[in-house]
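For reference, TrEMBL has these:
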type: TRANSMEM; residues: A:51-78; note: transmembrane segment
type: DOMAIN; residues: A:108-320; note: domain 'ABC transmembrane type-1'
type: TRANSMEM; residues: A:112-133; note: transmembrane segment
type: TRANSMEM; residues: A:145-166; note: transmembrane segment
type: TRANSMEM; residues: A:186-204; note: transmembrane segment
type: TRANSMEM; residues: A:252-273; note: transmembrane segment
type: TRANSMEM; residues: A:299-323; note: transmembrane segment
Amino acid sequence: MSEEIGVVDDRQAVADHKTGSHGPGGGRRAPKIKQGKFNAKAISRRNLRNGLIFISPNFIGFICLTLLPTLTLFYIAFTKWSAFGNPVLNGVKNWVRLSHDKIFMTSVWNTIYYSIVHIPLTLVLAFALAVLLNSKLRGRAFFRTVAFFPYITSIVAAAQVWGMLFDPKSGPINSFLRLFISNPPGWLGSTAWAMPAVIVVGTWREVGYYMILLLAGLQTIPSELYEAAELDGTNGWQRFWHVTVPMMRPTLFFVMVTLTIGSFKILDLTLVMTDGGPGTSTLVLAQYIYRVAFERGDFGYASTVSLVLLAICMVVTLVQFWYNNLKED
Amino acid sequence: MTMNVKTVTKALAVTTAGIMLLAGCGGGGSSKQASSGSDGFDSKAKTTITFAGWSLDMTPEFKTLADAFHKAHPNVTVNVKQYSADDYDKQLTADISSGAQPDVFPIKNMLKYVTYSDSQGLADISDIAKSYQGNKYINLDGYEHNGKYFALPYRSDTWVLFYNKDMFKKAGVEEPNAKWTWDDYAKAAKELKEKLPAAGYDANSVYPMYMHNWQSVVQSFALAQCGKSADSTFLKADFSYMEPFYKRALEWQKDKYTIDWNTSFTNKVQYQAQFGTQKAAMMPMGTWYAATLVSQQQSGEAQKFSWGMAPAPQNPDKKLPKTPITFGSPTSLAISSKSSGQKLAAAKEFVKWATGQGGALELAKLSTTPAYIDDKVTETFFSPEGMASDQASKDAWSKHDMKMEAPVATATDTINSILKDTHSSIMTGAKSPSDGLKEATQNVKDQGVLDE
């Protein structure tokens with residue numbers, strides 16, 4: 001601990017020295033540099049080293065498992081490769097193929113469909129839950145846990161249970177719906193209703209997680225702000241829009257970005273619930289990539305499709321950053 | 001100066017010739033060694049070869065083959081290297097592409113056979129294949145690739161019709177026979193549907209048949225029995241041959257002869273439970289299920305009832321073939337192209353033994369269906385307690401004209417993956433058979449795999 005303080009002092013001294021400050025502080029501390037074991041360079045080197053050591057496990061993993069494969073993708077996307085031997089360059093052939101690949105178009109559309117419905121739905125529900133569970137509700141710790149439960153449940157088990165709930169004939173969901181309508185949807189067996197069913201399960205799974213993130217954000221808002229707003233005679237709704245939402249912007253931004261990327265990359269849910277079916281009605285981009293690569297052994301073309309997914313995620317995220325910066329200024 | 005150039009040229013020529021000669025010798029030597037195959041095998045030399053297998057605790061066949069071979073050839077030790085069952089192909093792909101594959105390894109499905117042999121990872125074992133020429137007990141159709149054989153079948157499950165003899169008897173319906181077409185199958189289903197409730201079976205949960213949700217249940221029967229070659233249909237993306245098969249399948253589920261596809265798929269219905277707990281009187285399934293059924297009846301997972309195997313029903317639109325046509329997916333053994341010398345010779349000896357009668361008898365003892373089936377093997381397979389034992393079942397198991405589940409070609413993986421979607425869209429009623437199949441044709445063409 002004392003060393004820490006020493007470091008700070010030395011730094012201060014160095015800074016003073018460098019800027020040519022001859023103030024009393026600088027003058028008094030300057031000799032310390034000579035006395036101390038570390039000179040400025042060594043200190044900053046050591047800090048850099050320690051810093052690098054701390055981030056290295058994550059960073060090495062990121063470089064080896066994410067960055068390098070992603071960079072390689074830009075090469076493999078222009079090749080034909082079955083994972084045996086070396087990729088063989090085939091120019092823009094993959095891209096031409098992509099341009100009239102109907103299954104690819106369908107999967108892009110399905111991914112967008114999923115995201116456009118899933119993102120706002122999850123955000124609104126998670127926010128509403130967070131606000132609700134941030135109030136002085138009796139047993140709120142219990143409800144917070146319950147809301148988080150779906151996120152830690154094994155998706156395979158959950159998908160199985162939801163499959164039973166969605167059963168068109170004997171499932172509880174349709175049994176309930178039959179009280180009101182005579183012909184409830186066929187859910188997972190119907191091309192029109194399979195995607196809504198998947199979205200329902202996706203939302204159910206993720207709401208709890210984002211609720212916790214938003215809850216953490218809500219608790220950082222100083223209560224004085226609400227008290228002041230109350231004194232000004234605002235109602236609850238106004239306080240929500242003019243105090244909560246602006247104060248939550250950093251958290252909301254983070255949630256939006258992770259939620260968006262997560263939605264575009266959705267794979268496990270459709271894989272276990274519908275396997276992309278019926279037909280291609282729930283086939284999303286990530287699953288199409290998985291299929292082309294691992295079922296058909298066509299890694300070149302799979303890389304091409306992956307690049308498109310990467311581009312979509314990138315563009316959407318950049319737009320979000322741009323919008324966030326605009327609001328911040 | 002000119003002299004110098006000449007000398008250098010000469011020297012170069014001699015050196016080149018020398019190198020070529022050496023290379024030639026080396027090449028000649030190794031090819032000689034390779035072609036000598038089992039003849040070059042020295043049974044006295046101590047040799048250890050590695051053999052790939054998966055889930056060794058659950059799948060005893062690998063260890064059994066290795067041990068039995070060691071017993072017959074005491075100087076050769078076969079070490080089984082364990083792979084994961086689910087990721088076998090992925091792990092093997094990684095091993096082959098880095099040249100680290102074991103000496104002998106199974107190829108789980110025929111679709112990968114082409115990929116692997118094109119990858120230069122497999123040794124040419126045409127000499128062993130030649131020794132099976134004209135042998136009626138083993139079927140090597142589909143194994144010839146560019147005029148050579150790179151793997152040989154050791155297991156071969158074919159599809160037959162499993163049926164519950166008790167249910168047929170109680171309902172008073174005539175049992176399936178070798179002359180059945182799919183129309184006879186449907187007729188029997190109709191009769192069972194009417195008579196089973198009166199025989200004491202629950203009308204709501206017991207069905208005359210169970211058609212599992214795999215695409216092969218419709219598509220591979222269609223391909224095997226349509227009477228046209230896969231080159232002019234499947235591999236040309238012309239799937240119209242499936243239409244009558246789909247129409248029948250849809251009709252059966254509409255008439256509630258079977259659990260509908262959607263329920264079966266979304267509820268992940270286990271075919272073993274469906275037949276094993278007497279919820280279905282008939283079920284087309286691969287012969288691997290016989291061993292499962294025997295052990296499940298012993299353990300109590302399946303109810304005790306008497307059952308039999310009948311040949312797969314035939315295409316009603318074609319003349320009834322002499323031998324029933326069905327489909328199957330053999331599992332084969334291949335040898336690493338990296339093996340050489342005595343190891344290669346021992347590996348070949350092992351493959352020859354495992355794919356022949358020796359290995360077949362060991363597999364039959366485990367109730368596993370070998371590729372090599374003669375009378376002795378049949379007798380061994382049907383000897384365990386609880387196994388069907390009537391002659392009709394024996395014939396269904398051993399006598400059939402087996403076609404490949406899917407053609408062995410580079411485009412097959414892609415076509416099959418597209419047909420999987422087609423299967424679900426037709427079976428859920430999202431598309432009519434003709435629209436669904438037409439769409440599949442277009443999608444396959446769009447993938448550009450046909451012109452390669």
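All positions are counted from 1 along the displayed chain.
Just so you know, glycine gets a Cβ as well, placed from its N, Cα and C.
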Interface check, the transmembrane segment (A:186-204) with the transmembrane segment (A:51-78), three or more C-beta pairs under 8 A: no
Other parts of the chain folded back onto the transmembrane segment (A:51-78), taken as Cβ under 8 Å at six or more residues beyond its ends: 87, 89-92, 94, 299-300, 303-304, 306-307, 310
Chain residues in Cβ proximity to the transmembrane segment (A:252-273) (below 8 Å; excluding those fewer than six residues from its ends, i.e. six or more beyond): 111, 114-115, 118-119, 122-123, 126-127, 155-156, 159, 162-163, 188, 197-198, 201-202, 205-206, 210, 213-214, 217, 245, 282-287, 290, 309, 312-313, 316-317, 320-321, 324
Cβ contacts under 8 Å made by the transmembrane segment (A:112-133) with residues that lie 6+ beyond its boundaries: 140, 143-144, 147, 195-196, 198-199, 202-203, 206-215, 217-218, 240, 244, 252, 255-256, 259-260, 263-264, 266, 284
Long-range neighbours of the transmembrane segment (A:299-323), counting only residues six or more past its ends (CB under 8 A): 70, 73-74, 76-83, 87, 90, 94-95, 97-98, 104, 108, 111, 253, 256-257, 260-261, 264-265, 285-286, 288-290, 292-293
